[in-house]
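Below is one structure, written out as C-alpha cells; the observations come after it.
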Ligand SMILES: Nc1ncnc2c1ncn2[C@@H]1O[C@H](COP(=O)(O)OP(=O)(O)O)[C@@H](O)[C@H]1O
Ligand SMILES: [Mg+2]
C-alpha cells in the first residue's frame, strides 16, 4: 500500500540544517498495523506527516496505492488525503467551536456528502464509539478519553484505507489509553491499515510490526511475534 | 457547507464576546457615521438634480471689467434674459426670478414674507409640481399667487386655499391677491427656495423703464433651459456676439462677459458670489467625506488587527480543517463569509443607530435629512457591506487560510516577522488617523474661540435688532414713530437705526471713479447720530453726526481708518473723498470695527445719514441685503423678557399694520460662523468616536496579548519582576506604536489645518503645543486602555497563571 524509498526531509532554519529524515525506506502492506518508535526528535512525526500527505519530502520516492505522489501538488494531495486517510493526534485537535457531532461530520462536508447521509453516518460511528449521548457537547465538556474517541470517530468517518495516529495515547491515562488502542485494533481487524507513532512499548505491542528510528534513519524493523517471543 | 460556516461564525461570535462586541461596536459606530454623513453629502452633492431637465438648465452670470476691476455677479440685469431668448435659438425657455421682501396680511395677522416673481416658463423649466393642477402657468393675472403647502397651511389652515385671497404690499398700498395653485414644498436640496410665487409682471410698476433695460444694474437671477442636444459650448460661443448686439456696442470685447453655470453646480461653487440663496463651501463636504472614510478605515483596521491577534487560536482550526480535506479556497470563503456576516450585523446596528440619531444629527447639521430604506440606500448598504467585509476580512481570508497544517498542529505557531509588522503598521495608521482628527478638533475649536473672543470694536451685548420692512421715507417714518413711542419709557434709552445691522448681511458696496478715473470701491452704511454712541464705536478723530446740525444730514461723512489708509488721506478731516462727489465734509474717523464677519479684513467704510448726495457721485451700488432700516435697542440690565415684551407692546400700539420681529445681536453675529461651528462640532464628535474605536481595538489587542503572555508573566514574576516591570513590559509595545503614529500624523495635520485656516482673515497659528497636547492625550488614553489589562495581569498570583498551561 505504501512504499517509500530513500525518503529525505531537511529542515533549514537561519543557521542550522536538520536532516529530519535520512534515506528512509519502508514498505507497509494493506491491512498491517505498524508502530513507529524512537526517541524524541528522531523524525517520527515528520515521517508520519509525509505519509499523511501533509508535508512534502525533499527527496526519494513515495508510492501510495501504486501511485508515485512525491510530486503531487497541494490540491491533489488534499484530494487524495480526504478520500483515503484518517488522522488521530496526541492533542486530539478537535475544533472547540463545533459540537461532537459537527466535528465528526467535518470530513464528510469537505467530501461533499449530503446532509441526510452525513447524519446517518455520523450517528452510526458515534454509536459505535459509544459517545452518541455526547453528540451535542463541545470538546471542552468531555474528558480526554472521550475527546480522543471523538477524534477516532472523525478519523474513520469516511472509511479511510489508512489511519495515521501520532502518539494517540500520549495525553491519556492508561485506562483511556487502552481503550483507544482497542479501538485502533478493532479498526485494523476490520481491514484498515494503521500506522501509529508511540513512545510506549506497551502500546507498540498492539502492532504487528515495529519500525525504530534514530536520528532520521531506520535502525530496526521487527515483527511483533519475533520481538515478544 | 455554508450552514457549517454560519454555525461556526455564530459560535465564534458568542464565544469570543469581547472580540465580537469590539468589532460590532466599532464597525457599527463607523457605519452610523458613514450613513449620517453620507445622507448629508448626498444632499450636498445632488443639489438641484431633482429637476428632470437639470442637465439642460443653466444660470447665466456676468463678469464685467470696470476700470480694470472685475465685477462678478450671479444676480443679473433685467435685459439679459430676453436678449438671450431673442438671439439664441438654442434657448428653449427662460425665466428671471426676482425676490421682494414684503408685508402680507391675512385675517388681521401680519407677516413678512419673501416673494418670488417668476415668468411663465418657470413652471415648465423646473420640477416644482403643483397639487391637483394641470402643468402650465397658473399665474395668468397680475394679482394671482401660488403658495407652497407650508404657506397655504400657515394662511388658510385646513381650508382649501384655491381661490382664497390674502393681502400683500408690494408698492405703496396693501392689495388683494388670489391663490391660484398650491405647489409642493420646495425640497431641501433646491437652490431655488420659494414660499410665494407671483407673476413677474408685478416688478414692472416698481421699476423704471430705464432700470428694466439697464445692463449694469443687477437685481434678478436668470435661468435658461437649452434645447435638448444642444452643446453648452456652442451657446457660450455665441454669447459675446449677443452682448455686442443687445448693448449696441456699449462694451469693448471682454469687458462684459456672460457665462453659463449649470444649475447643478450652483450649490457647491463658492468661487462665484452667491445669488438669491447661500451656497456651501465645497471644502466642508470633502472634509466630512474624509472623516467618514477615516472612521470606517479605523474600524476596518480594528477588525484586521484583532483577527491577527487571534490568528494563533484560529490557525489550529485552519490546520484541522485542512487535515480533514479542506482546500485553501474553502477556507478563504469561510473567513470572508464570517467577515461579511459581521459587517452585515454591524450594518444592522448602524441602520438602527442612524434612525435613532438622525433627529439629533439634523439639529447639529441644520438639515431635514430623511433616512429611507429605498433601493438606492439598500444598494449603497450592500456595497458598504461588500467593501467593508472584503477589506476587513482580507487578513484572515488571505493569510490565515495559507497556514500549513503541519506547522500549525505542532502548536508552535508564532506570528512571523512580517505579520507582526503588518499589524503594527495597521495600529500606527489607525492612531495616526485619530491623532489627525484630534489635532483638527483642537485647532478648529481654538480658531472658533478666537473668533468669538476677538474684540469687534463695538458693543454686542444686550442688543435687540428689530427689522423694519419698509424702505425709503416710509421706513424712516416708522423708525421715528417707534423711537418717539419708546422715549416715554426711561428703561429703554439706547435706540438707533441703520440701513444695515451686524451679522445679518453685507453692507452696501459702493463703486466710484477716483480722480485718475480708476474704479475704486468701499462699503457704506446709513446710520443715525445715535449709532456710534449706542454701539460704543470709538472715534479717533473729528466728531459724530450732530442731531441739530442740518448740514450733517446729507453732506457729512464719517470714515474708518481702513478708508483713510486705502485712499491715502493723511489729514482726512480737511480732505475730500478722492472722486467726483458733490460738496461734502469728512467730519470724523472711527477706529476700524468688524462690521463684516472675520472671514475678511476690515474694508474701507463710509458712514452717512442720508446717502442722496453721496449717490450723486458714484458709479456703482450694490445691495446684497435689504437696506430697509434695522432698529437696534440696547436693553438695560435686568430681565430681558420683560423689556422685549415692552418693545413688542409698544410696537403693536403705534405700528399695528407692521409685523414685529426681533433678533439678538450677539446671536446674529455668532450665526456668521454657523458653518464653521457645525463643522467644528461634527469634527469634534467624529474625532472622539475615532479615538474611541481605536481604543476599542487597542483594548482587544491588549486582551489578546495578555492572554498570550500569561505564562511569560507568571515566570517573570516568579523570577522577581515587580508589578511595574510587568506593566511596562506589556505597555511598551503599544506606546511605541502610538508615539510613531503621532510623529507621522503631525505634519499631515499641520498641512491640512494650515489650508483650512486660509479661509479666515484673522486666524490663530496652528501652535505646536497643540500637537503635543494631542500626542499626550492619545498616549494617555492608550496607556489607560492597555493598563486595564496589564495591571490585572501583573497583579495575578503567578502560581495561577503558570497552572493554565
Ligand atoms: N518546522 C521545523 N523546522 C525545523 N526543524 C524541525 C521542524 N519540524 C521538526 N524539526 C526537527 O526535525 C527533527 C525531527 O522532528 P520530529 O519529526 O517532530 O521528531 P519526533 O516526532 O520524532 O519527536 C527534530 O530535530 C526537530 O527539531
Ligand atoms: Mg512527534
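All positions are counted from 1 along the displayed chain.
The backbone N, Cα and C atoms fix where each Cβ goes, and this holds for glycine too.
Just so it is clear, the model here is predicted, and its values are computed rather than measured.
Per TrEMBL, the features are as follows:
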DOMAIN    B:20-240  domain 'MacB-like periplasmic core'
DOMAIN    B:290-405  domain 'ABC3 transporter permease C-terminal'
DOMAIN    B:451-645  domain 'MacB-like periplasmic core'
DOMAIN    B:685-789  domain 'ABC3 transporter permease C-terminal'
TRANSMEM  B:21-41  transmembrane segment
TRANSMEM  B:283-310  transmembrane segment
TRANSMEM  B:331-358  transmembrane segment
TRANSMEM  B:378-400  transmembrane segment
TRANSMEM  B:421-444  transmembrane segment
TRANSMEM  B:682-707  transmembrane segment
TRANSMEM  B:734-754  transmembrane segment
TRANSMEM  B:766-786  transmembrane segment
With Cβ distances under 8 Å as the criterion, find the stretch in B:21-41, B:283-310, B:421-444, B:734-754 that has the most pairs with the transmembrane segment (B:682-707).
B:283-310
Please indicate, using numbers and ranges, the residues of the same chain that are 6 or more beyond the transmembrane segment (B:21-41) and have a C-beta under 8 Å from a C-beta there.
285, 288-289, 291-292, 295-296, 298-300, 302-303, 306, 342-343, 345-347, 349-351, 353-354, 357-358, 361, 365, 367, 369, 371, 380, 384, 388, 392, 682, 686, 689, 692-693, 696-697, 699-700
Take the C-beta pairs under 8 A between the transmembrane segment (B:421-444) and each of B:283-310, B:331-358, B:378-400. Which stretch has the highest count?
B:283-310
What are the helix, strand and coil residue counts for the domain 'ABC3 transporter permease C-terminal' (B:685-789) according to DSSP?
90 helix, 0 strand, 15 coil
Who are the long-range neighbours of the transmembrane segment (B:331-358) in its own chain, taking Cβ under 8 Å and residues 6 or more past its ends?
2, 5-6, 8-9, 12-13, 20, 23-25, 27-32, 34-36, 39, 303, 318, 321-322, 369-371, 373, 381, 384-386, 388-390, 392-394, 396-398, 400-401
Remote residues contacting the transmembrane segment (B:734-754) - C-beta distance under 8 A, at least 6 residues beyond either end
424, 427-436, 439-440, 443-444, 698, 701-702, 766, 771, 774-775, 778-779, 782-783, 786
